[in-house]
Every structure is written in C-alpha cells, then in structure tokens.
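S.K.: Quick one: this structure, given as structure tokens, is what I'll be asking you about.
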Amino acid sequence: MEKNNNFEMLGYVAWLWANSPLHRNWSLSLLAINVLPAIQYGQYTLLMRDGVPIAFCSWANLSLENEIKYLEDVSSLVYDDWNSGDRKWFIDWIAPFGHNYVLYKHMRKSFPYDLFRSIRVYKGSSEGKITEFHGGKVDKQLANKIFQQYHFELINELKNKSEVISIN
C-alpha cells in the first residue's frame, strides 16, 4: 500500500478508535503500537459502508517467544514481531457501531482455514481473557485439538522460562 494510503488508513482506524468506548481513552502511543505495523504489513481488514469505516481488525503472526511476550505485556510488540511466526493473534477488533457480527462473518469467510486467538478486554476491566477463532471451513474438533496443542506449547514454554529464572 502506498504511503499516502497508509495515512488515510490510519485516519480511518483512529476515527473508529475515537468512537469505541473501549479504545477512545487509550493513548496515541497505543494506537501507533497496535495499528501502524498492521497497516505496514497489510495485516488488517477495514470494512466500509457508504464511504464510512464501520469495523477494523488487525492480526499478528507471532512466534511462540513473541506470543509469550505479548501475553505478558500487550503493548510489547515491535514491528518485526508482527511476522515472526505462524501463531495468529487478533491484535485489534473494533466495531463501535454494532457491526461486530458483520466483521466476524467477514473474517470467517476471508480466512476459511486459519486459526486465531485474541485477548478479549471489556471496558472498565484491566484483565483480559484469551478467546479462540477459527475460519468457516475448519473442522471444529480439529481446531480444538490445534488450540490445545498451542496451549500445551505455551504452558511448557512458560514453565521452562520460570525454571530458568528461578535457577539464576
């Protein structure tokens, strides 16, 4: 995407952030951390209706190491982290005007064979929970097995990390 279009895209996303009860009070630095790499890598979807943005979704392809880094601090990802592996994470999901289901259907159709996870945060909460998403053509049982494998790998890596820390 051309640089001028990147600025236009950033404007659309900033407008959605300003209209989102969850995002509107977040800092400009969080907007930059969460949105600029997605735009630069083309790892986003923007839905428009009558020339007006109605929903936005961005994702990162993380390595296990960067997944752990992200889970420990959601604002820790740097540009190179966004394409460091094959573990897909939704970074932003914004539909402030009631188009959440439209975005959901669009993503299932656009990524029919992909698996994603996200950290879901509710307005007024400082904690999030991991949610899972699979494309429209992925067998649900297979998706569950793969997600279980992801969790197993994540837990083992966290255990190994804590053992290394406690030894030192």
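Cβ from N, Cα, C; glycine included.
Pulled the feature table from Swiss-Prot, pasting it below:
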type     : residues : note
ACT_SITE : His23    : active site
ACT_SITE : Asp92    : active site
S.K.: I need the CA-to-CA distance for Asp92 (active site) versus His23 (active site), whole Å please.
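M.R.: With distance taken Cα to Cα, His23 (active site) is 10 Å from Asp92 (active site).
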S.K.: Provide the number of Cβ atoms within 10 Å of the Cβ of His23 (active site), excluding the reference atom itself.
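M.R.: For His23 (active site), the count of other Cβ atoms within 10 Å is 21.
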